[in-house]
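Colleague: Below are the features listed in TrEMBL for this protein:
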DOMAIN    1-94  domain 'Ig-like'
DOMAIN    99-195  domain 'Ig-like'
DOMAIN    202-282  domain 'Ig-like'
DOMAIN    287-367  domain 'Ig-like'
DOMAIN    372-467  domain 'Ig-like'
TRANSMEM  485-511  transmembrane segment
REGION    710-744  region 'Disordered'
COMPBIAS  714-730  compositional bias 'Low complexity'
Amino acid sequence: MFSQQPQDLVVVAGQPVTLPCSIPGYHGVVLWIKDGLALGVGRDLSGYPRYTVVGDHSSGEHHLRIQRVELMDDAVFECQAIQAAMRSRPARLTVLVPPEDPVIDGGPIVSLRAGDPLNLTCHADNAKPAASIIWIRNGEVLNGAMYSKTLLRDGRRESTVSTLYISPSNIETGQKIICRASNKAIPNGKETSVTIDIQHLPLVNLSVEPQPVLEGNLVKFHCSAKANPPVTQYKWAKGGTVIKEVSGDTYEVIVDHSFFTEAVSCEVTNPLGSTNISRNVDVYFGPRMAAEPQSLQVDLGSDAVFNCAWTGNPSLTIVWMKRGSGVVLSNENILTLKAVRQEDAGKYVCRAVVPRVGAGEKEVSLTVNGPPTISSTQTHQAPHGEKGQIKCFIRSTPPPDRIAWSWKETVLESGTSGRYTVETVSTEDGVLSTLTMSNIVPADFQTIYNCTAWNSFGSDTEIIRLKEQGGSQGSPAGLLAIKSLPVAVIIGVAVGAFVAFIVLIGTIGAFCCTRSQRNLKGVVSAKNDIRVEIVHKDHNAARENEDHAAMKQLMIERGEFQQESVLKQLEVLQEEEKEYQHIKDPTNGYYSVNTFKEHHGTPTITLASNQNSTELRRDATNTGGNTIGKQRVPTGMSFTNIYSTLGAGPNRLYDYGQRFVLGMGSSSIELCEREFQRGSLSDSSSFLEAQCDSSASSYSKQDGYVQFDKDSKASASSSSHYSQSSSQNSDLTRPLQKRMQTHV
């Protein structure tokens, strides 16, 4: 049973302390426990040199004595009797630590600028518990101080900071202000003091004249100062850079735009310190770029954002425009183009204007990633039998992944294939692809060439033709001879050529007048019942040619690479035309066959004589009794004239495999008529729609040519001067003869 147990104690660090423990009649082992840990067995506390067990052991006294208590002794202690299984109640030993000597920042003398408030800061560190700080002036406590406490890393001690604010009106030179810090460990506290010394730093004024000023003019800076003690030094700087060349109170310089943003400062120093004052100069200057815009490359449909920043004085105006356009796109630093298209690509200008001062601009590029675009002359020329080239220029961002030339059944991207070679050259603006053909043959002039380019955004195609280069230039010797002719001879030849040209024009005019009168008479005489019949001598041969032409035309398939068969067909037509030219005209030129003439946008075929001019019309009546007017293509008509007539207009594309066959035999139009008369199809209108229309034009892109069959029938029916009976008397089922008969 404990007769004495340890009690809670509070002790100041550095002082000794004894914790009592008495167990009368107990002779066993006694342990002292600190925060749950045994200090040693019995009286052996060798691990703690400041700790000893004191008292009469035989009487059961086992007191714990601590010499020079430290903060680490702040703990809970117990006394335990091991054999008796007894323990004392826990005793809390609290160690108090006085604060260190307080310190006032800036002491012991605090210099104070006149007119400035006084801020004093006092520190009292490493105290347990935290110290309390008071301010005393002239024996009186000053109120209004602010306090803050900080717990140290050991978790036991604290530091205290106190800040005192004194207004300028309550400050006098020579006053002493005391900072006193105290806690339970030192109730009377510790103190320190400072002496206030109010002095005047230089009071400075910096003037700039003249203002505002235009860039490039002279400006004078003057720095005036009042100080106590007196000024000892002047120092000038611009934009933070010291100007070593100037040491007095005046600075003169020719200003530029930098003086508007970089201040000029004057620093005046006396023994107490320095006063620095700075001023910017109101300089007028033209626009100068602060943030340069960058060229952009964006995808089609994306947004493009340009940023352009200028500085200028006075305030400037910013304008965004596209180069070559007078439209203002923005008056802000940022230009945003929403969902850009390929036509948005180009040069953009950010222009800044300072009124009455100057202007500046910056150009940037916008590149739009999109499908390639091909530009090329649609027709190239080359001489027969020599080398020729066709070219296409591709603009593409990103660059094209593939460029290919195609014609007939051939596709060539690069290298050489037979007579053909493809070369591709990259330039700053795009890619130039060239298809070179060696030893050009006539078929090359009838071929359609396609230049196609691809990139990741799409493709583009250009159709190009090769045209035979007409006329040969004179030889160098001939040119030299011409150059060597006398001037008089050249002038004479020129005058003679001019006279001959005038005579030729007069002759043609007279001929045209005479012909017009004859045609006028022919119109009058056309009222008579004139019957014209064109027949073939050889019925069987004509029938064979007709069937052959029909089968040949029906077997030709439309397509891009079917031109070999077309060339063969054109060669046959040329041979037939040559044969026809050798046949003697039984009318001795009394009738002549002209080419197509345009009537309300629809091609018609006319047969003209020397005295009258009529239009041929044939009426065919089917089994249903419906009468349909059908044009007849005169035999012996030149196919080149037909093509030139049908091909009028720009960018005309032809299918040279079309079924409009002309020559000595029957045409496909005539074949359609005969098939219609024979009743080969039950539905005559569908037959004409399906066969005759397609015979007239199989690849034309223009509506006027597609409607050739239908319109020409109507035209022929409305404009013909032939009688109904004469048309009906013609035997449409008979092959045409190679002779011409007239019946009046």
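Every residue, even glycine, has its Cβ placed from backbone N, Cα and C.
Please treat TrEMBL annotations as automatic predictions, because they have not gone through curation.
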Colleague: Express the predicted model's confidence over the domain 'Ig-like' (1-94) as a mean pLDDT, rounded to an integer.
Modeller: 89
Colleague: Could you tell me how many residues in the domain 'Ig-like' (1-94) are helical, how many are strand and how many are coil under DSSP?
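Modeller: Secondary-structure breakdown of the domain 'Ig-like' (1-94): 3 helix, 40 strand, 51 coil.
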Colleague: DSSP says what for the domain 'Ig-like' (287-367): how many helix, strand, coil residues?
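Modeller: Final tally across the stretch: 3 helix, 50 strand, 28 coil.
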